[in-house]
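Accompanying notes for the structure given below.
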Amino acid sequence: MDGEMAIIESSNHVGTSSPTTETQFTIDSSALKDQETKESITNSPTSEVPIETKLPKSSDIVTEEKHPQNTTTDIENEVENPVTDDNGNLKLELPDNLDNADFSKLLEFDAKNDEALFNSNELLSHTMDPVNNIDLTHDHSREVSSKEDINIEPVNPDEDEREKTQDNTAAVKTEGIRNSEDTSIQKDEPTADAIYTDVHKLSVNKDTETLPTLVDEKNNMLHMRNNSITPIMFQQHELVGQPPQNTVTENNSTDAETTQRKLSEPIDASLPLPNEQPTIFAYARLDFQSFTFYVQTLHAIIGRRSENDFSHKVDVNLGPSKSISRRHAQIFYNFGTGRFELSIIGKNGAFVDDIFVEKGNTVPLRNKTKIQIGQIPFQFILPEQERNDDSKSPENADIAESEINTRNLKKNEPKSKKKITTGAKPKKAQTKPAVKKEKKPPKIPKKVYTLEEIPVEYRTKPTVSYSAMLTTCIRKYSTAKGMSLSEIYAGIRELFPYYKYCPDGWQSSVRHNLSLNKSFRKVSKEGKGWLWGLDEEYIAERERQKKKQSEIAVAKAQAAQLKLEQQQHKLQQVPQRGKKDIVSQRSNVNARKQNISQTLAANRAASNRKNTASDNQRTMKYLQEQLVILTRDRKGLSKQVIAAILTQALAMTINQVTQAAKNKGITGNPLTALMDKNPQHLNLILAAAVNAATAKVTKGEVKQLVNPETTAAAALAAKAQHSKPIRQPIVQTPHVPDRPPSQLSASASSHPNNYLHDKQPGSFDPSSLSRFFQPRQNARATSSVAATSVPAAASQNVDAQPKPKPAQDNDLESESGTSSSSSSSSESGSESDSGSDDGSASGSGDNSSTSSESESESDSGSEVDEKNNKNEKIDSESIKNNESKDDIPSKDENSSNDNREISKTDEEGHDSKRRKVSEDINEGITEVNVSLEEKL
């Protein structure tokens, strides 16, 4: 045997058969229940080999063979009366006269009785149970006979060649589930242990990547894992999908799929052994219907991989369905919670254990969690369950271990001739046949036609709209259930062959028209899409509208044609008419001009209305603000009383100004003009109206709510802040000696009939409104008279810079005034002029004001004349500029200013006029109050 040693472990392998002799060893099952049985048989075709067997005392070995009776009897005697050595081991002694030929015949099998010898009735199922329960640690106690105790004799070359042929034709059968019996040959336990240790060390040093080493590493990793995230190994028989291409699996279910090997050749370690499965390291796996994905990273993206866009990285491609987003979900390991989690990114969500999860939510993943994205379901598998399954079936580990040891022993002894097997027919493995993965055929791109391949009549796009195409297609090919999108596409290609050759893209326009055009409706649902049909009612209504519109268009066209014919007929009659046509043309031109003027007038009227409305709003706002300012001191009156007072005061003011302007024949908005030109006097009118309304509302309890003196002072101060002083020209006047104060007081007391002088300072003077609405008169040159009548006081202060008028002087002018009618008229002129844009009131205040109320009549008259002469030109210019807007005439000087002494008759005339104006104003105020009360 060339000094080699072979140990054959009986599993589910069928031994080689010899054509001449047949030997079978049947071991009683009762002998295997108490202790382990090991047999070691070393065969050599031409040499005598001593056989040592360690058997229990109760073991029975029955040998059946077709040989002479004397040989069988000798062997039976040896078995019945075993010979033991010094250590108590059984020893089989062979006679010296047993030659080589007789020994070889003893080991040959008979092919005729092969099936009878291995009858399944002789081995029961309970016989194999003790063997299956043998611990893995006992497998390492296999002992091998020593090399020195084996007698090796030369081998006959002829027989060696014959044995090689027999070995080459031997069929090795591998089974999925193994029931093995450990048999070994042992001569001496200490010697065998030492030999096993040497052999084991030799095999480890020879190949560190053998299958036993890998299996040991797997077992150690399973125990060391302890629920960590270390990738676990998946065995191929545990998977659902197709095995990888670099793995080789064997189906052990039938005898037809057995593999034949030459026993003389060494087994290549790179090739997988029968029943060996490839190992895949992964954290988890995703089981789909047609494939399996191994999660080998802590983060995996699930989605739809685009054919054209490679920017989106997808680890698990779920197909081209548009219901799946490019990045639909992600599986990641959460170190905080210590588990895998699923986060939904796609807008359509996903189902996790038949529960819908919306976009943006994250759910934990457990073992065997069912997930469905779109129409694709799959299962999440964790390796812990796989480890538990492995621990539940230790017999599988025993079988794998015994098989690996058998392979290693075969490698050491390739020329074994005899194999002793036990047991009945092993069960066939129930492994599923490997299902080849059917790859989806790649999407065939549409053929791009060249211009020569397209027929000439189909090279241009039809002028029909998509809605018309769809209507024609659906009416021609539609059924009662409707048409799907693919059917509509096919129908359009059939009706309009242009779309057979044109590139894709028109389908989106078709879908757009189907969804937005009301002529098409969804009839029924089929699968994921809808079947489309026509809305005949809507189409009929559209047809009626189109027909009506066409009729109207035809009527308009006929009317236009008739009008054109009439114009042509008139043109033909032009020579007959002659001059009449020329006159008519001129009249048409005049009419056109008139129309233009009317249009411009209308535009001006509209602009005037806008300006009037804006002026009214501005005036009312100003009046309201001033009323609020005037009534800050409410003197304990309630809000209701103050509101009534303000309402009546506002009505009185508007009514007084409007009535005065109406009596004078002035049009426009006099209140706005007064506010723009003289706001100080408007404030005085408001103050007087507030006092009158207070006395009326409170029924005399409160006679005066506003002090006119403080009102005038505040108004002048506000005007002085905003106005700029105007330099007046220097006027040379003759020197007039100053009058003593006694004369001034005498002249002031010489007019006891002065209306304004005798009136109380807190009362309202209705006649003050008439000063602003005097009729326009031609300005007269009074410069010479004014130059001769300037008092000495004015000549002394003429070179001084103009200053704002003091509040007390203004009050004296507005309330007390002068003692004559001429002084009152001149005073009204001075006050109206002081409200102009030039701020002349502030400039002339120094000349017109006096230090006491006893100023003489002549002095006051001369001062007023001087002021009127200075401001005459300015007033005339302002009147011209504002005449178109406000229609407010300027206040010209009174003719009586030329005379320093006024007769009593003129004074009485002025008094009568003032009385009449006051009566009219009072009547107007009453009417306004009544109308306001009705409105409120």
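Glycine is treated like the rest: Cβ placed from N, Cα and C.
Among Ser264, Ser509, Ser584, Ser747, the residue that Swiss-Prot annotates as phosphoserine is Ser264. Here the domain 'FHA' (300-357) is broken down by DSSP into helix, strand and coil counts: 0 helix, 24 strand, 34 coil. For the DNA-binding region (460-552), the number of residues in each DSSP class (helix H, G, I; strand E, B; coil) is 55 helix, 14 strand, 24 coil. The average pLDDT the prediction assigns to the domain 'FHA' (300-357) is 90.
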